[in-house]
Amino acid sequence: CVGPIRTASLLSQREHLSLTPEMATQEVQPNETLSNLKAESDTLKTKLEDERAKLHDVELHQVAEKVDGLGQFIMKTRRTLKGHGNKVLCMDWCKDKRRIVSSSQDGKVIVWDAFTTNKEHAVTMPCTWVMACAYAPSGCAVACGGLDNKCSVYPLSLDKNENLAAKKKSVAMHTNYLSACSFTNSDMQILTSSGDGTCALWDVESGQLLQSFHGHAADVLCLDLAPSETGNTFISGGCDKKANVWDMRSGQCIQSFETHESDINSVRYYPSGDAFASGSDDATCRLYDLRADREVAIYSKESIIFGASSVDFSLSGRLLFGGYNDYTINVWDVLKGTRVSILFGHENRVSALRVSPDGTAFCSGSWDHTLRVWA
Amino acid sequence: MTIRTLRDHGQHYRPRMACLKKVEAFVVEMQDPKSGVKASDQKLNITSIPHVITGQDILAWIVTKMKVTTEEAQAFGTMLVAYGYIYPLQNHRKLVLVADSTLYRFQTPYFWPVQKWPAEDIDYAIYLAKRNIRKKGMLEPYEQEHYNNLHKWMNYKWDFIVMQATEQYKASKERKKPDRVVLDCQERAYWIVHRPPRRTHSGMDYGLDRLIDPNAEENIFLTQALMRSAVKSSVSLTAFVKYVTTHHTHDPLLTNPVPSNPWITDNDEFWQLNMRNVDIPTKLSVERWALSFWELISDQRGRADFKLFLKKEHSGENMAFYEAAEEMRWGAATAIPEKSQFIFNTFLKPGAPRWINIDGRTMGLTVKGLDCPHRYVLDAAQTHIFLLMKKDTFYRYLKSPVYKDMQKKALVPAPHNFTDAQLEANAKNRNPGISPIVLWQQQEAEKAAAAVAARPIDVKAMVATNKLDRK
């Protein structure tokens, strides 16, 4: 095969461009201290792995052998929500099990009654790439944010003609894009994660920062709050390939898992709160056991090469749904580790996926401008 | 000031496009002369193009190699075309894999979307200029627009660009016709992928750029991790299996809900039967309450039933305290002083009307903490009360007549059996339901009324207004 001709001058231009940014910022480090730290770190890591390995007496699929296999699994698109003019980036369910809020690249945030497919509210954000949106537990407000580095709360109104932007409340302020947001157990607090590498807990009424969470070495892309009775922890996943478990009260990182080979796009708690799943650009989804403090399952296939952008569990925790960058949705048997089904339908990347609060369906949002509800 | 519009579709040093390396390995295998996809020479407008493959051959090969279904192979094949590893010969703008005799060719590795070679604007400008030189008016409208923009932004470099374009054009004229056609097709395919036409999406579009700044401080964390206790895998994994098994019948995607899944039959009776203030709950709900204390109080109907039981036992103050503490913990920061005062007066101070029974040490700590109230000041007391309810009251509730009665009364709705005509009718008459805002307002009103009713009677005030007859 033949390639085009490049002149010498153009080549030298290219060389100039290929100088890596690291070279510009490299500091002079005392070599001894750095290598000592690295050696210590490696020893500790090996020791930790050994300790954990002692407790690892069985694999998940072995324990799951006694469980019945799932029969043929058929799910279809039951609703297609059309109305966004650009890539759908995020979505969230309302606790009433039928309403949805979704946000897209063109700055629009739409609240739908997915059951009737009617649009109930629409807000235009002053920025593009609204990457995070969340429905308030009361159903009376939505929060969203993105490239504006902020998270804003819009109270919803029964009056269809009311301009929602008038009552907008700016709550969170980060120094880089907002990647995810979630209300806690009430409308009064919001948890956010950002491209600036931090997560933060905010008081909605005053906009006050209640707690900040530092520990990721790169963009934080996703977060999820624990469903359990203690309700004091949350997990976050980032571009540093780490998934961290945080204590909301103290701001400390209490557990960390680094087994993925690429950015972690999505993290979601297991319904019992004792485990969580993650989806990553390395085309795998993984299950982490919080009590045993280790990764217990990898959901991958040779034929799945493109990254998983969003994951969620079914109500019982038996199924794990993953939306992928190759436009498909894979359904995994969490216990046996096998793929139960693959769903086609979207015409571009699946960017968001959430199971409804009562587990009757799940909704997927895609870069093809639509959202689909599957059951 | 130089403004460079660098639209970098292949990141420099990040493993973000890790998928591309795997795809490349796969494509190399596809091109293997012995075990790869069958290629042949095809005639296209007089010239004979070598190494042409058909859509159905590609699909069949993927199915065999990856051992997947046709649909999955189709999806994967479309990815290969979208990312520019394979390009269609005829309908060059539509980047999909069509599983018939549509002709495709492998893209030369030079044009693969690798990480170190961004598709720069200057290269695009040279390409468009070259096409313009060859034949004026050959550019598509979107390309013309790009060309005009680039001409404006790169005006200072335009001589250089035209010079490059002319040289490339001259060089290509010296090649043999088949080579020239092939090269043109390859270059055109490359630019379709990296500068897609209007209203098509680019496979190379990966969204927002992500920053990376690896500089971790790990050692303290690792030491702490070693000190942390962990549970044996067999214990925790068995717990997962147990959770899944007990919840199997409650998972609507695994066990068909009764009467029917609203999304499938367009009938929302399932939601109506499970509403917060329904008189008689369904049997499935009632069974779910028995699974754990947390399941019971997470379901609003269940919580209401539990409160009824507590009222009969005259121990309603525990739940009331728990709810008040939750409200304070998750509530607005400005409301904390007021709420903590209310909670102290109602539940904690000696002789309080709804005094909760917690051990002396916890009570001492809590009361002391209330001097400077913060949202977590009631945590210790709240955990104590929660555990008390979970380990003792809950089990008594399950054995109580209140619960057993509910089990007997609980509904088992008959499963729907709609005919096709009925399903169509359902789809047209979907129930809009009640807005969550209205439901929330109702709930708040009920709570306010309950709070007024629960307030201890102020004897002095009643005497003052002569409501209490002192005879």
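Including glycine, each Cβ sits where the backbone N, Cα and C put it.
As recorded in TrEMBL, the features of this protein are as follows:
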type	residues	note
REPEAT	A:81-122	repeat 'WD'
REPEAT	A:171-212	repeat 'WD'
REPEAT	A:213-256	repeat 'WD'
REPEAT	A:257-298	repeat 'WD'
REPEAT	A:310-342	repeat 'WD'
REPEAT	A:343-375	repeat 'WD'
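Among the stretches A:81-122, A:171-212, A:310-342, A:343-375, the one making the largest number of Cβ pairs under 8 Å with the repeat 'WD' (A:257-298) is A:310-342.
Listed as Cβ neighbours of the repeat 'WD' (A:81-122) (distance under 8 Å, sequence separation of 6 or more from its ends, same chain) are residues 128-135, 137, 139, 142, 144, 146, 154, 156-157, 160, 164, 180, 348, 351-352, 354, 356-358, 360, 363, 365-373.
Through the fold, the repeat 'WD' (A:171-212) approaches residues 90, 129, 131-138, 140-141, 143-153, 218-225, 231, 234, 236, 238, 246, 248-249, 251 of its own chain, all at least 6 residues removed from its boundaries and within a Cβ separation under 8 Å. Residue counts of the repeat 'WD' (A:257-298) by helix, strand and coil are 0 helix, 23 strand, 19 coil (DSSP-based). The DSSP breakdown of the repeat 'WD' (A:81-122), given as helix, strand and coil counts, is 0 helix, 25 strand, 17 coil. Across the repeat 'WD' (A:213-256), mean pLDDT in this model comes to 91. Across the repeat 'WD' (A:171-212), DSSP assigns 0 helix, 25 strand, 17 coil. Helix, strand and coil residue tallies for the repeat 'WD' (A:343-375), in that order: 0 helix, 17 strand, 16 coil [DSSP].
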